[in-house]
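Shown next, in structure tokens, is the structure this report addresses.
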Amino acid sequence: MILDWLLAGALIGTAAGVLLTRDLYRSVVLFIIFGLLMALVWVRVEAPDLALAEAAIGAGLTGVLFLDALGHLNPDKAAAVRQKYRQPLLSGLAFLLALGVTGLLWMALVDSPQPGVHLPEIVDQQLLASGVEHPITAVLLSFRAYDTLLEVAVILVAVVVGLALRFSQEDQPAETQVLSPLLQKMLVWLLPLMLMVAIYLLWIGSYRSGGAFQAAAVLAAMAVLMRMSGTPIPGHSNLYLLRIGLVVGLGLFLLLGSVDLVSGGNFLAWPEGWEKASILVVEGALTFSLGMLLFSLFEASPAPKQASMTRGGGA
Amino acid sequence: MLIDLLRSLLILVGAAFFLVGTLGLLRFPDAPTRIHALTKVDNLGLGLIVLGLLPGVASWPVVFKMILIWLLAIAAASLAGHLVVQAWAGSQNKETSSRDS
Amino acid sequence: MSSLLQELPQLLPWLVILPLFWALFSLALGVLYRHWIAGVFIFLLLATNLILIGQWLLLGDLYYSLGDWDVPLGIQLRLDGVALAMVTVTSLVTAACSLHASTYLDDYPRAQQYFWPLLAFTWASLNVIWLSADLFNLYVGLELLGLSAVGLVALTGQTEALGAALRYLYAALLGSLAYLLGVALIYSGYGQLDLPALSGLLESDASTRLALALMTLGLLLKTAIFPLHIWLPPAHGKALPPVSALLSALVVKASFYILVRLWLEAGLQVVVPSAAQFMGALGAGAVFWGGWMAWRQTELKMLVAYSTVAQLGYLMLIFPLMVGVSPTAAQLAWEGGWLQLIAHALAKAAMFLAAGNLVLAMRRPDIIGLHGVGRFLPFSLLGFGLAGVSIMGLPPSGGFMAKWLLLQSALASGQWWWLLVLAGGSALSAVYIFKVYQQCYIEDTEVDNFRHPSLLLDLSSITLALLALSLGIFSAWPQALLATALSGGGV
Amino acid sequence: MNTFFIYALTGGLLSSLGLLGFILHRHLLRRLMAFNLMGSGCFLILTGLSQSHQGVDAVPQALVLTGIVVAVSATALALVLIRRWYHLTGQTSLPEDVQSLEKTSSKEAQG
């Protein structure tokens, strides 16, 4: 109990820190710490899948995106400090509004009625028919597969807009290379291990917490490491291959989903007897495509005007 | 009974090492010394905690996973430490060169 | 013929699968066969739409549980009268916008490559929202819609478009988070997410009232209703004409569609008449403020964008005219409101396309540049005029029929003050549309130095405007389509 | 007052904190971080509150997983727009915020 109060307090403290610190760089670092604390909170809420996802995507990838953006924005110190808040009247009003919202929310939380329908029991009953043992993967990829389909489309849209804006102005690609021999040597060992972890995460997704999104996040982290250390990523420069890679995840998901539909059955109902196999195939395609999508969210960011931030020291 | 005593002792010492590490982080003046304190002491603390947890673990694969986690933590910490200090050194001689010229 | 229709397999999911496949093909093949792919998929979607209309007329409301999982666990698609009307309008307007964009984008080679995937994603997300009855599914649909719409606005990459896209994105994100907070409270309180199943259960206690208020706030922000409309005019004014036509006609209406489902279907017990009157007041504010700002604009497309803010105000009149009134008045208001939504979608899309053609012709955005257009560009002006007829609500048009139904409903339920809003709004819209016309007939340039837009551009806007007019003349049929949604049965 | 409910309450506080930051700040990156905080708060409420009623439940956890992925793609899209906006205008906040900034600073100058 004390641990929960402590963790909750730390979470709120970090969140307040993110909003109140003057220096932008410090608030981004605090934001990454907030993401890691959130991962801990998800463990306390008995949601291991979410802890994995939050750590890999929430803190990891979002943190990298923010740091990368920050590096390109090179905030001029003076402006950052002075214009932090709006006029006192508006900030007072906003503060009152926030207090009101907290009060209303807490009142609603305390008074929330007991639900009539109990979904956990229904999920357990239907688990066998879904073809997967792990309830969360069952919900994600068979009961509510439609949500996951649309969610992959959402990421694809984000990447398409990134590509559209990136190439709409002719600017050189962002070289954020960190030239250090230790990194190169270490990667020789790290990359195969990360690949193995990604495949392991994908495989256990069907009976324990893991799955396509967490595995894809590890793949994306691998690609970011390779990009930062300058090791060439196979087929990276070839835009055509990139586009095909982006499309294959959603495409396979749609195709497999409508196999049953074409034969008179139901959309997103996996073929009889082949549920586990088709879910695994879809998860594999999703992992590959999502890994590429998450990486191109990092990659597709427009380049800065001047040379980029980290030029390794005299190594 | 003795095992439990030993395990709790190991975990306590590990935690103490973490404390010392953070103390070093706060007290030391500049980046390299802080990084040095952090990476060394915390890795040792983590090692002790892992050692303390090992007997309580049921299946063998989990034991190997725990040790793997520890090794990875050491590799990541030392690599990150090296890069941070390298970037710090880069910015350091940039300042000195701009100040001299 | 009817037996053929009956045993055709359910076509509901194809409304979402086809646009997603279109997006994937156009993304993979890039600029190569973009017109062919667009043509094929638009034809397929229109055909599916026609077959669905036939099936709906025979079988009544269609339900489709995805993956064979029934409601509390799985997601169920639902096609009732209103959803069918919205799907049909979406197909018509998007087909016309694609026709217009196919030639208009020749001047923007860079935008061409990524316009079609984003358009297909927008169409897919619109169909997702019209068909879905699951609260979280609607959230993901709204996000997909928001992100692809922001992408479309920012496509040209110019400074103004980027600023407008950023403002739009931040408003959309805040709106969908407020909506998600409401969904979280409702799921925790009632254990399920399906709207029809929830409509019986919602009782008005603190957490449900707050959930509904948060969802309403989020959806009002995304529909850009009066006090929360600041992001809309720059976003619709600065985007490419086919994009702003699509945004004004459909994208803004999707969140309104969810709002009406929430208020008048699920939350009927929780909703209080005074809250409905407040929504009506917001609508009235939107009508007058939008009309006033539209009249004061100097740029043509900004004028049309502010006219959207004004016309959205009319839609808000559904709430006061339907909560706590006699069933006949509610029926009139229901049909009038949806007819206004459809008529505005068609007319506003036509008006934006025509405005785009005019701006393209006179090579400058502001209205003063229209001098002499009356003599040299009759076709583009015709499109703008016909659309203006429906926006103003002159007798033959769909706009008039909708406002007439709303008027009758206001009289039937004794809420006379909405008449002032209807009359005042129409007068204001007449003012700002004639302001544009007044400039067109001022003759000061003898020689025709306008850049004549190709016939296809004008044709797409005029067809949409004619559709809006025909809606008024043959309004009996769409009214029957909409009327059933209340009673929930076949024709 | 089980553990899930504690985190539901923290989620409520987080959401309003995020809302406060979203309204208060002018810098686009800070507003984006505030949005992410508010999103995490929202997910916490969804999971914490529903699990405080019915115990561990896979459905809200799957919804939150989808929500996290949607949040990261929205953030990535916003970052692309912000960098392009900075690339073209050199500003890190929207024009109307900048004007209100000049008003306050001019007032300070006179005051």
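Quick reminder: no glycine exception, Cβ is built from N, Cα and C everywhere.
Listed in TrEMBL:
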| type | residues | note |
| --- | --- | --- |
| DOMAIN | A:11-74 | domain 'MrpA C-terminal/MbhD' |
| DOMAIN | A:186-271 | domain 'Na+/H+ antiporter MnhB subunit-related protein' |
| TRANSMEM | A:6-21 | transmembrane segment |
| TRANSMEM | A:28-45 | transmembrane segment |
| TRANSMEM | A:51-70 | transmembrane segment |
| TRANSMEM | A:90-109 | transmembrane segment |
| TRANSMEM | A:148-165 | transmembrane segment |
| TRANSMEM | A:186-205 | transmembrane segment |
| TRANSMEM | A:211-228 | transmembrane segment |
| TRANSMEM | A:240-259 | transmembrane segment |
| TRANSMEM | A:279-298 | transmembrane segment |
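Taking DSSP states H, G and I as helix and E and B as strand, the domain 'MrpA C-terminal/MbhD' (A:11-74) has 57 helix, 0 strand, 7 coil. Pairs of Cβ atoms less than 8 Å apart link the transmembrane segment (A:211-228) most often to A:279-298, out of A:6-21, A:90-109, A:148-165, A:240-259, A:279-298.
Sequence-distant contacts of the transmembrane segment (A:90-109) (same chain, six or more residues past either end, CB-CB distance under 8 Å): none. Through the fold, the transmembrane segment (A:148-165) approaches residues 140-141, 246-247, 249-250, 253-254, 257, 268, 286, 289-290, 293-294, 296-297, 300-302 of its own chain, all at least 6 residues removed from its boundaries and within a Cβ separation under 8 Å. Counting residues 6+ beyond its ends, the transmembrane segment (A:51-70) has Cβ neighbours under 8 Å at 24-25, 28, 31-32, 34-36, 38-40, 42-43, 174, 176, 201, 209-210, 213-214, 217-218, 220-221, 224, 294, 297-298, 301 in the same chain.
For the domain 'Na+/H+ antiporter MnhB subunit-related protein' (A:186-271), the DSSP counts in helix, strand and coil order read 61 helix, 0 strand, 25 coil. Mean pLDDT for the domain 'MrpA C-terminal/MbhD' (A:11-74) in this predicted model: 88. Counting same-chain residues at least six beyond the ends of the transmembrane segment (A:28-45), those with a Cβ under 8 angstroms from any Cβ of the stretch are 3-4, 7-8, 10-11, 14-15, 17-18, 21, 51-52, 54-55, 58-60, 62-63, 66-67, 70. Proximity of distant same-chain residues to the transmembrane segment (A:6-21), defined by a Cβ-Cβ separation under 8 Å and at least 6 residues beyond the stretch ends, is recorded for 27, 30-31, 33-34, 37-38, 40-41, 44.
Under 8 Å from some Cβ of the transmembrane segment (A:186-205) lie the Cβ atoms of residues 52, 134, 137, 211-212, 214-216, 218-219, 221-222, 225-226, 229, 231, 283-284, 287, 291, all in the same chain and six or more residues away from its ends.
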